[in-house]
Amino acid sequence: MYSAIRKNKINTVLIMLLFVVIIGALGLLAGYIYDNPSITIFAVGGATIYALIQYFMASRMALSMAGAREITAAENPRLYHTVENLAITTGMPMPRVYIIDDPAPNAFATGRNPENAVVAATTGLLEIMSDRELEGVMAHELGHVKNYDIRVNMIVYGLVVAIGMLADMLMRMAFFARGNRNNNPAVMILGLIAMFVAPVIATVVQLAISRQREYLADATGAHVTRDAPGLASALHKLQEYGRPLQQQNSSMAHMWMADPQRPGMMQKLFATHPPLPDRIRRLLEMQDKF
């Protein structure tokens with residue numbers, strides 16, 4: 001597990017560099033097309049500032065969008081003490097615990113590091129899960145915190161949004177601005193294609209990263225509880241009783257235990273989570289290792 005955490009930290013740096021390269025390439029392309037080098041500086045600087053704002057504000061925004069409310073041990077001792085026991089087992093600081101009034105069974109964790117971590121569960125999840133299954137779900141969520149998955153996801157999401165906003169702004173400029181090189185239709189077409197494709201590539205990379213983090217969190221949760229079948233049973237219930245959240249928001253879909261949205265076209269490529277049957281199979285295969 002320590003090697004997985006170290007690998008995640010290295011991946012964080014590599015991912016940031018990848019997205020900075022994409023942002024820089026968009027800025028350079030725009031500066032060339034519009035014959036204005038200052039656009040490059042503005043694009044990279046603006047996107048970086050926006051990504052940093054997203055990084056520090058993402059947790060608060062996610063809790064607000066989900067309609068989550070913080071609880072104490074007295075308000076819901078079952079959930080609170082489950083999280084508390086897991087935090088003690090893993091040696092992590094006690095995260096804040098939230099409940100979301102929603103019949104759809106689901107849960108998520110957020111926070112840029114273990115000291116600022118938050119875990120949340122819906123009322124629907126608490127209703128259908130046994131104590132063993134609830135422990136598995138919360139261990140999965142704390143696994144995201146322990147492995148620094150949340151930090152990776154927050155950084156990547158902020159950069160993806162920044163790239164999307166930058167590409168949109170540059171495409172709008174293409175229709176209203178005029179530069180020395182705008183008279184070349186081939187350059188303009190190439191630039192517009194790049195500005196359209198860059199956000200798509202960034203999103204696909206983000207979602208692929210999110211799917212891999214789910215597998216790692218499943219393995220971490222099973223390792224902590226020494227009960228892979230318990231987490232597999234919880235995932236089976238999510239598959240059986242799952243439904244879209246009442247307050248779903250696509251921008252935080254990658255944060256949930258299971259995809260909170262209705263399946264649509266191109267689901268595999270743009271899915272925020274691996275298929276539940278695949279996650280269940282992997283967990284059952286590792287049960288003899290504990």
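Just so you know, glycine gets a Cβ as well, placed from its N, Cα and C.
Of the residues Glu70, Glu214, Glu240, TrEMBL places Glu214 in the same Zn(2+) site as His140, His144. What surrounds the Zn(2+) site, by Cβ distance within 8 Å of the Cβ centroid and not counting His140, His144, Glu214, is the set Ala109, Glu141, Gly143, Asp149, Arg213, Leu216, Ala217, Asp218, Thr220, Gly221, Met257 from the same chain. Cβ neighbours of Glu141 (active site) (same chain, under 8 Å, six or more residues apart in sequence): Ala107, Phe108, Ala109, Val119, Ala217, Gly221, Met257. The stretch from 39-58, 154-175, 187-209 with the most CB pairs below 8 A to the transmembrane segment (12-33) is 154-175. A helical conformation is recorded for Glu141 (active site) in the three-state DSSP classification.
The C-beta environment of His144 (Zn(2+) binding site), restricted to residues of the same chain at least 6 apart in sequence and closer than 8 Å, consists of Ala109, Ile150, Arg213, Ala217. Taking a C-beta cut-off of under 8 Å and a sequence gap of six or more, His140 (Zn(2+) binding site) has these contacts in its own chain: Ala107, Ala217, Asp218, Thr220, Gly221, Leu231, Met257.
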